[in-house]
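Copied from TrEMBL, the annotated features are:
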type     : residues : note
TRANSMEM : 41-61    : transmembrane segment
TRANSMEM : 85-106   : transmembrane segment
TRANSMEM : 118-136  : transmembrane segment
TRANSMEM : 143-161  : transmembrane segment
TRANSMEM : 176-196  : transmembrane segment
TRANSMEM : 217-235  : transmembrane segment
TRANSMEM : 255-276  : transmembrane segment
TRANSMEM : 283-304  : transmembrane segment
TRANSMEM : 310-328  : transmembrane segment
């Protein structure tokens, strides 16, 4: 009983991390571009560059891991559960490069599209994730899960359609097409990233610890950040950063602090995302991520003084309904697992009585 409550407590904490981190990061990302930022590679860089803030946690949880457990278990079986160093290195490099390309495509989408259109296209990651989860993670679909996906997608779509009716973006058609394609491809790649992450924990890492979560976030982020540095210099954008900082509407100090907090909040989001993949599934993590799409406009009311229309209120209610629907399905799965475990215990006790 205590173990079950502990699991749901961890899930709740990871949900808060994901929603708070993603919402703050998206708002700050919009602030960066709206106030004069224009570097795609810098926007990509800060999405992964905040990983050093997690290093103290990694050292703490790695050093506090009880070594005595290996003495209580068979040493050979313990070794078999540890992944090979070469396998981990390949995983970190692969995920890091995938993350670099994905973040760059999201940066192009955020720069070239209205935020409403961007949000609508990001919601397509649910469809991609359902596909990848079915083939890679053996994800089963029920009526409640399908209902949750539909509601969350409609919620994001309502916000996008409503916002588009009152926006005049003034974006060139060529740039619009680039942003559209980049965001769709980024959504697909991100969904593949989540499914591969879950598969890696199940098949390669095989350790459900917080230190393994941190490691899977820190090391790929290091690779992704290194790739962004190369891209920043290869593209020549590094030459414009000084002028960009000086001409930033809110001042150079605000420019630096905006980028710093974008980096930190994306790391908070990533910990929540990976934690949910570990505790539940990649599909659940993606659904919670989609829930933040209607949350961002609500926060924009307070920080950017946006109008909160009736359509936005309906979209938020639909998102909450979809979230509850998916949570209820997991509650049913949990109850079924308890019932099956109880039946197995009864059958085992009957078998012992018959032997006696």
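Glycine residues also receive a Cβ, built from the backbone N, Cα and C atoms like all the rest.
Keep in mind that TrEMBL annotations are predicted by a computer and have not been checked by a curator.
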Surrounding residues of the transmembrane segment (176-196) on its own chain - C-beta under 8 Å, 6+ positions past either end: 95, 98-99, 101-102, 105-106, 108-109, 111-113, 117-118, 121-126, 128-129, 131-133, 136-137, 169, 273, 277, 282, 285-286
Tertiary contacts of the transmembrane segment (255-276), as residues 6+ beyond its ends and Cβ separation under 8 Å: 10-11, 13-22, 24-25, 28-29, 31-32, 35-37, 42, 46-51, 53-54, 194, 197, 210, 213-214, 216-217, 221, 244-245, 248, 284-285, 288-289
Surrounding residues of the transmembrane segment (41-61) on its own chain - C-beta under 8 Å, 6+ positions past either end: 25, 29, 32-33, 99-100, 103-104, 106-107, 110-111, 209-211, 214-215, 217-218, 221-222, 224-225, 228-229, 231-232, 235, 237, 241, 259-260, 262-267, 271
Contacting positions for the transmembrane segment (85-106) when only residues 6+ beyond its ends and CB under 8 Å are counted: 40-41, 44, 47-48, 182-183, 185-186, 189-190, 192-193, 196-197, 200, 204-205, 215-216, 219-224, 226-228, 231
